[in-house]
Amino acid sequence: MRNIVSFNDNWKFIKNAADEVEAAKGEGESIALPHTWNAVDGQDGGNDYHRGTCWYVKKFAKPEKNETDKAYLEFCGAAMTAEIYLNGEKISRHEGGYSTFRVEITERLEEENTLVVSVDNSNNTTVYPQTADFTFYGGLYRDVNLIIVPETHFELAYCGSQGIKVTPVVNLEEKKAVVTVEAWVCGDADMVTFEVNQEKINASLEDGRAKAEFVIENVHLWDGVDDPYLYTAKAFMENGDIVSTRFGCRKYYIDPQKGFFLNGHPYLLRGVSRHQDFKGVGNALTIEHHKKDMEIIKEIGATTLRLAHYQHAQEFYDLCDENGLIVWAEIPYITMHMKNGRANTLSQMEELVVQNYNHPSIICWGLSNEITAASAVDDDLLENHRLLNNLCHRLDSTRLTTMANVFMLETDSPILEIPDINSYNLYFGWYLGELEQNDEFFDEYHEKYPDRVIGFSEYGADANPQYQAAVPEKGDYTESYQAVYHEHILQMIEKRPWLWATHVWNLFDFAADGRDEGGKHGENQKGLVTIDRKTKKDAFYLYKAAWNKKEPFVHLCGKRYVDRTEDVTEVKVYSNQSKITLVVDGKEFETQTGKTIFKFNVPISGEHKITAIADSCTDSITVKKVEEENQDYIFIKRSPVTNWFDADELDPECFSINDKLAEIKANPKAGAIIDEMMAKGASDRGDVADAVKDNPGLQRMMGRMTLISLLKQSGADDESIKQVNRILQGIKKEN
Ligand code: GCU
């Protein structure tokens, strides 16, 4: 039998030490794992969280074991690069902050032992991620275990694998599954016994590998959220070592025109993304945190999850298996390609696939995220993706590869032809452009490439639940605008079942220490739920109303919008019920039948209690008519440029930055101004401008955007925006 001992307790954390010798003295803060040193400074803004090498020290006595037993240390997550020293000797180095790795320590064990681990999350040019919109927490932020196994045991060292691999192949017509189980053994043994579904098969070992094939008649399918049935496969040897894993029997394919199919039936993949961090603890999550997130995911009714932007904890993939979520797993090959990072992308991908092969929830491996945002599509980048794509298919012939592409990537880019399927991250209606451009983008893409599978891997709008508006607008960071934004996108994705999967960015607010906007420091607030999981924003209930078919509910929006200046206020209800009655101050006001979104126009003159009723479901809010806008509802740092050029200040007969780029450029004089400005901008921003010049698709898209959108997106300062507008206002539009 193998004995797994938790090594989470009794560590010393030393933030600074010159070397292992100094660290080994063990003077430091007593801590237990999981731990990150960026739990606070990684979430408070300023882009100043500690990035460097810190040290962990643990002293332990020689473990009880048979003379011939072997001992391994297992690290489930050390971010980002770890070096392991035992009794003064460096025994391992691991580059990659999100995967499990192990090291054998048998021969180095003494009666009393000193384990020293250095962990480094500093800037470098070889280990991903280096450039991205989330905090790169440092630390031993997942479990550390001591594993004692018999001399001959199932594989532990290769890529942190489980030592057992299960490949179910489903035949839907015959209602059966052929399940191939493989195991790898370290040491001297002749045979392995496999067990699946109460059937046992003995298999001989050849070159350390054993394999058996089981047939499950009347197979109980793993059928998504409705029936995530799991089997267990075991492998054991006469000496008692045993490994086991759960697996699910499912079959899927994606039709470019009809979308995702699971077990032969259409199965809409509509869901969310998740980062692995919580308020106050950083990424040092316990199983309780993971369970909390899964509870919320089940409440919203998602069928798919994009676990961005790296390998998540085994506990969470397990929860996805148990709850039937279809998962997009990925490595942190993100934003900017590093010419010295290729090996790291390959090692992180090999670990991701090898360690997670048995999870039925995972259906694709993400090669990269927005990697062309700050890098040209050159041979090195393309080759890196080809190698990753081939590696995935070599390690796993059963799953698809995918990519999340940035909105600027030209849709005829050769990189899109590398993965099996693709998705795009679009933020029209938030960072730039208008909401309708999301629809236009996908419709154009789908028309141009009807045989390509395409999905929507990211979309979202930041919202601070404190901010409210009667007339929400892009960039105001209000809960109100986020709801309006998602209402548009929801109806867009509901009309396009050929989008193979859609993932809201993000289900939870998460830490990005470099951010300082929307009234919060260090947070990306695109979440439908706050980073402490305590507040579900109105948009959360929009998706719950559309997706959760199990739990009848009614949600009144605007609970936090109490003080209202308007005489007639819009009262919006999200519900998965079809008939909603609104009661105002105890009197029935109006009943509507419909779907998901219900809007009532209610005259207000004082304080009112408003209740929405759907059968046995109710929800209430209180609103107050006030004369002055409640300033607490307004994000005061909002860039003045968004309300500078109100129409009545502009000469409508002349051009302005409120006009669309294409209209302006159609005028020779005004177009010359823009070209000069773009040329100057290009020299400031290096090759990105080439990406525009050589990118007709991007030019077309930009043409549809107002100049003010583009200038804000490019980060132009207020003065230069005013200057451009003054010049344009001097140019008459031709009739
Ligand atoms: C990008 C990126 C995310 C980021 C998001 C945002 O699409 O993939 O990591 O958080 O944009 O700007 O919110």
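The backbone N, Cα and C atoms fix where each Cβ goes, glycine too.
Automatic prediction, not curation, is the source of TrEMBL annotations.
What you are looking at is a predicted structure, and each value in this text was computed from that prediction instead of being measured.
Annotated features, as they stand in TrEMBL:
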- 53-124: domain 'Beta-mannosidase-like galactose-binding' (DOMAIN)
- 173-250: domain 'Glycoside hydrolase family 2 immunoglobulin-like beta-sandwich' (DOMAIN)
- 258-547: domain 'Glycoside hydrolase family 2 catalytic' (DOMAIN)
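Each residue of the domain 'Glycoside hydrolase family 2 immunoglobulin-like beta-sandwich' (173-250) gets a DSSP state, and the totals for helix, strand and coil are 3 helix, 47 strand, 28 coil. For the domain 'Glycoside hydrolase family 2 immunoglobulin-like beta-sandwich' (173-250), the model's average pLDDT works out to 97. For the domain 'Beta-mannosidase-like galactose-binding' (53-124), the DSSP-based tally of helix, strand and coil residues reads 3 helix, 43 strand, 26 coil.
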